[in-house]
Amino acid sequence: MAMASFARRKAYLLTRNFSNSHPDALRYSFSLTSFSRGFASSGSDDNDVVIIGGGPGGYVAAIKAAQLGLKTTCIEKRGTLGGTCLNVGCIPSKALLHSSHMFHEAQHSFAHHGVKVSNVEVDLPAMMGQKDKAVANLTKGIEGLFKKNKVTYVKGYGKFVSPNEVSVDTIDGGNTVIKGKNIIVATGSDVKSLPGITIDEEKIVSSTGALSLKQIPKKLIVIGAGYIGLEMGSVWARLGSEVTVVEFAPDIVPTMDSEIRKQFQRSLEKQKMKFMLKTKVVGVDSSGDGVKLTLEPAAGGDQTILEADVVLVSAGRTPFTAGLELDKIGVETDKGGRILVNGKFETNVKGVFAIGDVIPGPMLAHKAEEDGVACVEFIAGKHGHVDYDLVPGVVYTHPEVASVGKTEDQVKASGVQYRVGKFPFLANSRAKAIDDAEGLVKIIADKETDKILGVHIMAPNAGELIHEAVLAINYEASSEDIARVCHAHPTMSEALKEAAMATHDKPIHI
C-alpha cells in the first residue's frame with residue numbers, strides 16, 4: 001500500500017516537468033534519488049559552505065551541509081546558537097506560556113477535577129529560571145550536534161569582504177577571515193520599531209524584554225495583535241496583568257481565517273484580554289513611573305490616553321542585515337530590506353545565497369529550517385523542496401490556533417466552488433473527558449474534486465493536530481481520504497476526521 005502510494009506520488013511529480021529556472025522550481029522540485037556524500041573538501045583551507053547566522057535556518061543548514069559531505073563553517077554573533085527563536089523567541093516564550101498556563105489551571109480548573117489546592121502563588125524568578133534552563137540546555141545541544149557533524153563554529157560578527165570571504169570580529173576581541181566557495185546569509189530578523197517609540201526594555205519592551213520582566217505588571221499594553229503580541233499578552237494576563245491590545249487594523253491576526261479569528265478573539269476576551277482595534281498610537285510619554293499612550297481612531301478622531309506599567313511593542317519583525325556590507329559586494333535587496341533570491345536561494349552575486357527571515361516568505365523558524373536544508377541541497381547538486389503555501393502557522397495561546405493552506409475568504413475570492421466542513425470540540429469525547437473542549441476544526445475543500453484547500457483548527461494542542469492536514473494537502477488528499485482513515489479513540493484528532501466527514505458527507509457525532 002505504502003509502495004503503491006509512493007509510486008503514484010513519484011509519477012505525479014515527474015509529470016510536473018519544472019526546471020530549476022522556473023520561478024516555482026523551489027516549491028515543486030523534489031529529489032527522487034538518495035543523497036551521496038559528494039563535494040568533500042578539496043584539501044584547501046577554503047570551506048565548501050560558510051553560513052552567517054546560527055539561528056534555525058543557519059544551524060540546520062550547517063548540519064545538513066556537513067551531512068552531505070561539505071566542509072562547513074557557521075558564524076554566529078550571539079555567542080550561543082539557536083538565534084532569536086531559541087534564545088529570545090519561540091522557545092522561552094513557549095516555556096512561559098506553559099508555566100503560566102499551569103498557574104492559571106491551578107487557580108481556575110483544578111477544583112473541577114477534584115484537585116484541591118490553596119494559596120497558589122507565582123514564583124516569578126523560579127518561572128524565569130525554568131525558562132532559562134530550557135534555553136541553555138537546547139543551545140548546548142546544538143553545539144553538540146555541530147561537534148558530532150564536524151561543523152566549525154566561529155563566535156563573532158561577520159561581514160563580507162568579497163563574495164567568497166567573510167571578515168569576523170570575534171567575541172573575544174580578535175578578527176579572522178573565513179573563506180568559502182559558497183556563503184549563505186541566515187541572519188534572521190529583528191524587532192520592528194514604531195516611529196516615536198523608543199524601546200528601553202524596561203517600561204517599553206520588545207518581545208525580548210517581555211520574556212524577562214522582573215515583576216508582573218498591573219497593567220500591560222500590547223501594541224500589535226499578531227502572533228507574538230497575543231502570545232506574550234496571554235502569558236502576563238494569566239499571571240494577573242490587566243492586558244489591553246491596541247491594533248491599527250480592524251482585526252487581530254489578519255492572516256487568520258475570519259470565522260476562526262472571531263471565535264479566537266471571543267475566547268481571549270473571556271480570558272479578560274481587552275482589544276482596541278482600528279486604533280493608532282500617536283504619542284508616548286514614559287517620563288513618569290509608567291507609560292502614557294495617546295491614541296486615536298485609525299481613521300482619525302478624538303484622542304484618548306491609556307496608561308500602563310509596561311508597554312510591549314509587537315508590530316512585527318524586519319530582516320536583519322545590518323553590518324553585513326551587502327552593498328559592498330552588490331547583493332540586491334527590495335524596499336523592505338529583504339534579500340532577493342531565485343528558486344535556488346541564489347542572490348544576484350555568484351556564490352552568495354540567503355535563507356529564512358532575510359528573504360521573502362513567512363518569518364517563521366520552521367520555514368527557515370526548510371530553506372536551509374533546500375539551499376544546501378541545491379549547493380550539493382541535489383534538488384531542494386519548500387512549498388511556502390504549506391507552511392503551517394500556529395498561535396500558541398490557549399486554546400491554540402493552527403492553520404495550513406487557504407482561508408475561506410481566499411478561496412471565495414479565487415472563484416473556486418467549495419464546501420466547508422466543521423466539527424466542534426464540544427462534541428469530541430476526549431475534549432469533554434478532560435474538560436477542555438473550546439474550539440473547532442474547519443476544513444475547506446474543492447466542491448468538484450473534494451481536494452482539501454485549507455484546514456483551520458482552534459483547540460488545545462492545535463499546533464500538534466495540524467500536521468495531519470499539512471501532509472494531506474501536500475499529497476493533494478481529499479476530505480474523503482481523511483474521513484476514511486481510522487483515528488484512535490478517544491483522541492482530539494478525531495475532530496479532524498469528523499470535520500472531514502462533514503466536508504465530504506455527514507459527521508457521525510453531531
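Note: Cβ is positioned from N, Cα and C throughout, glycine not excepted.
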Message: Need the cross-check against TrEMBL: the disulphide partner of CYS85, picked from CYS74, CYS90.
response: CYS90
- prompt: Listing them in sequence order, which of the recorded positions CYS85, CYS90, GLY224, ILE228, GLU247, HIS489 have their Cα within 10 Å of that of ALA365 (FAD binding site)?
  reply: CYS85, CYS90
Statement: Ordered by sequence, the long-range same-chain Cβ contacts of LEU230 (NAD(+) binding site) under 8 Å (at least 6 apart) are VAL222, VAL245, ILE252, VAL253, LEU268, VAL395, THR397
Residues near GLU247 (NAD(+) binding site) in space but at least six apart in sequence (CB under 8 A): GLY224, ALA225, PHE275, MET276, LEU277, LYS278, THR279
- prompt: Given that the record lists GLY224, ALA225, GLY226, TYR227, ILE228, GLY229, LEU230, GLU231, GLU247, GLY316 as binding NAD(+), what is the largest C-alpha to C-alpha distance among them, in Å?
  reply: 15
- line: Rounded Cα distance, in Å, between HIS489 (active site, proton acceptor) and LYS94 (FAD binding site) is 28
Model confidence over the domain 'FAD/NAD(P)-binding' (48-372), averaged pLDDT: 97
